[in-house]
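What Swiss-Prot says about this one:
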{"type": "MOD_RES", "residues": "Lys217", "note": "N6-(retinylidene)lysine"}
{"type": "SITE", "residues": "Asp84", "note": "site 'Primary proton acceptor'"}
{"type": "TRANSMEM", "residues": "7-27", "note": "transmembrane segment"}
{"type": "TRANSMEM", "residues": "45-65", "note": "transmembrane segment"}
{"type": "TRANSMEM", "residues": "82-102", "note": "transmembrane segment"}
{"type": "TRANSMEM", "residues": "107-127", "note": "transmembrane segment"}
{"type": "TRANSMEM", "residues": "135-155", "note": "transmembrane segment"}
{"type": "TRANSMEM", "residues": "182-202", "note": "transmembrane segment"}
{"type": "TRANSMEM", "residues": "205-225", "note": "transmembrane segment"}
Amino acid sequence: MATPGSEATWLWIGTIGMVLGTVYFAVRGRGSTDPEQQTYYIITTLIPAIAAAAYLAMATGLGVISMPIRGTEVIDIYWARYADWLLTTPLLIIDLALVAGARKQTLYKLIIIDAIMILGGLAGSMMQQGAVIRIVWWAVSTAAFIILLYYLLGELSERARSRSAETGIVFNRLRNITLGLWALYPIVWILGTGGGFGIIAVTTEIMLYVMLDIGTKIGFGAVLLESQDVLQAASHPSSTNDIKSH
């Protein structure tokens, strides 16, 4: 276990932000009786709840380990961050898949690709052999993200538009939030401690991750749950071509 330094302030901000997001989504969904809407509320509430636990672990040092990289030099690995992403990014993908009415086979592919993306980043951050091997793992992770980009811009966007024009508009909004913010993660990673270059300070790196996480988890969820028409469309009898029927 390592003790966070000045970055602890941002880790606590992340913890509080995720707790507030969890409470907000839970209160919003409390009165919902529609099964499809409940599914959205449960998934969307779980996302910041998991992130809150991860940020609490990092803020208290439980989610951080110190690893030697060169001689006596050590680097702090925030493993709880990757545990968070490994659990929450598939939930975000499931939310998108529900809105789009994606096929089960497609959803399974996306979850596997997503896991490769996250684990590639974790593997790179733990490598001690130098910058080259870290960049290789960064490239693996980034390639997986590009494949996700292909599916979200292609098949899922088409399926969302086929459900209704409004569903297509809301899906595009959610997709753009997700992809736009996710595209910034590998940049922060390669410039920070993950890539081993340390171009940006640890505190700045943590701050950027907190801001990105709040946007992708709470911002995404707020936009989704404000789109009540899409939640209703998902439970419409004519929308049977979704992930529950394939």
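We number each residue from 1, going along the chain as drawn.
Positions of Cβ are set from backbone N, Cα and C atoms, glycine also.
Predicted, not measured: the structure shown is a model, and the values here were computed from it.
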Residue pair Asp84 (site 'Primary proton acceptor'), the residue listed as 'N6-(retinylidene)lysine' - Cα distance, angstrom, rounded:
11
Intrachain residues whose Cβ lies under 8 Å of the transmembrane segment (45-65), provided they are six or more past its termini:
1-4, 8, 11-12, 14-15, 17-19, 21-22, 25-26, 29, 76-81, 83-84, 87-88, 91-92, 210, 213, 217-218, 220-221
Hey, would you say the transmembrane segment (7-27) packs against the transmembrane segment (205-225), going by three or more CB pairs under 8 A that are 6+ residues apart?
yes
Non-local residues, at least 6 beyond the ends, that sit with Cβ under 8 Å of the transmembrane segment (135-155):
93, 96, 102, 106, 109-110, 113-114, 116-121, 123-124, 127, 175, 178-179, 182-183, 186, 189-190, 194-195
Near the residue listed as 'N6-(retinylidene)lysine', which residues of its own chain have a C-beta under 8 A away, given they sit six or more steps off in sequence?
Met18, Gly21, Ile47, Pro48, Ala51, Thr88, Leu92
